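The ATP binding site annotation in TrEMBL covers 8, 9, 10, 11, 12, 13, 124, 169. Under the heading AMP binding site, TrEMBL lists 29, 34, 55, 56, 57, 82, 83, 84, 85, 89, 130, 141. The region 'NMP' annotation in TrEMBL covers 28-57.
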Ligand code: AP5
């Protein structure tokens, strides 16, 4: 399954709960990149300034990272959080899933209006201090989402895999909508 949506929509929160209840692996490219940054790896050094600006890390680096993660999995039951984010990533994922014989069960588009996204991310900045949760970078992340990730909505709509989830409300309310859409 894939969780799609703008920054702050609640993809990570909902993907973690669903993965834990279904016994799936949650694969978040943002979390993996932050692990590389914390470990000061070559990829982390390259990705950090890009993430701090709110831009996307190049597709080839993301795809190599995802391939490596998938290769290490015992069972192909995965919830992708924040991946794919470009049409090129989506096409590469389709190819990879076909090679591995994995079926895409659904794409959950969690949508929330922009002012609420900014409010949530600024609130998280006060609690956790993620380096890309400042107003300038948040605005850039939202722009990048509109320009480079939103085209995936029509891409997955055309395959019939897309489910729209209203992301406003409490995390429990949103989760109920997700399980309802999947059943
Ligand atoms: P990534 O880590 O994927 O961040 P993001 O997409 O900007 O999303 P967030 O994690 O900020 O939001 P979310 O929708 O997951 O919401 P969350 O549950 O956390 O990417 C970071 C960067 O890495 C990118 O900018 C890019 O540079 C790079 N990157 C990552 N993947 C890439 C890729 N595939 N290709 C290229 N580059 C890539 O919730 C947000 C906050 O809201 C939390 O504080 C949460 O507690 C709160 N919250 C959640 N649900 C609710 C609710 N219902 N009501 C109130 N508050 C809520």
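Note that Cβ sites are derived from N, Cα and C of the backbone, with glycine treated the same way.
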Problem - Cβ neighbours within the same chain of residue 29 (AMP binding site) - under 8 Å, at least six residues apart - result: 62, 65, 66, 80, 81, 82, 83, 85
Handout entry: Pairwise Cα distance for residue 13 (ATP binding site)/residue 57 (AMP binding site) [Å, integer]
Key = 22
Exercise for the section: Write down the Cα-Cα distance for residue 124 (ATP binding site) and residue 57 (AMP binding site), rounded and given in Å. Expected result: 22
Exercise for the section: Kindly report the helix/strand/coil residue split of the region 'NMP' (28-57) according to DSSP, in that order. Expected result: 22 helix, 1 strand, 7 coil
Problem - Close in space, distant in sequence - residue 55 (AMP binding site), Cβ under 8 Å, 6 or more apart - result: 140, 144
Problem - Sparsest Cβ surroundings (other CB atoms within 10 Å) among the binding-site residues 8, 10, 13, 124 - result: 124
Exercise for the section: Mind telling me which of the binding-site residues 11, 85, 130 has the densest Cβ neighbourhood, counting other Cβ atoms within 10 Å? Expected result: 11
Handout entry: Local backbone state of residue 13 (ATP binding site), from DSSP in three classes
Key = helix
Fill in the blank from the handout: Students should find that the Cα atoms of residue 10 (ATP binding site) and residue 130 (AMP binding site) sit apart, in Å rounded to an integer, by 15
Exercise for the section: Give the helix, strand or coil assignment DSSP yields for residue 130 (AMP binding site). Expected result: coil
Handout entry: Most Cβ neighbours inside 10 Å, all chains, among the binding-site residues 12, 169
Key = 12
Exercise for the section: Would you find the one among the binding-site residues 9, 57 whose Cβ has the most company, meaning other Cβ atoms within 10 Å? Expected result: 9
Practice task
Please report how many Å separate the Cα atom of residue 9 (ATP binding site) from that of residue 130 (AMP binding site), as a whole number.
Solution key: 16
Handout entry: For the region 'NMP' (28-57), mean pLDDT (0 to 100)
Key = 98
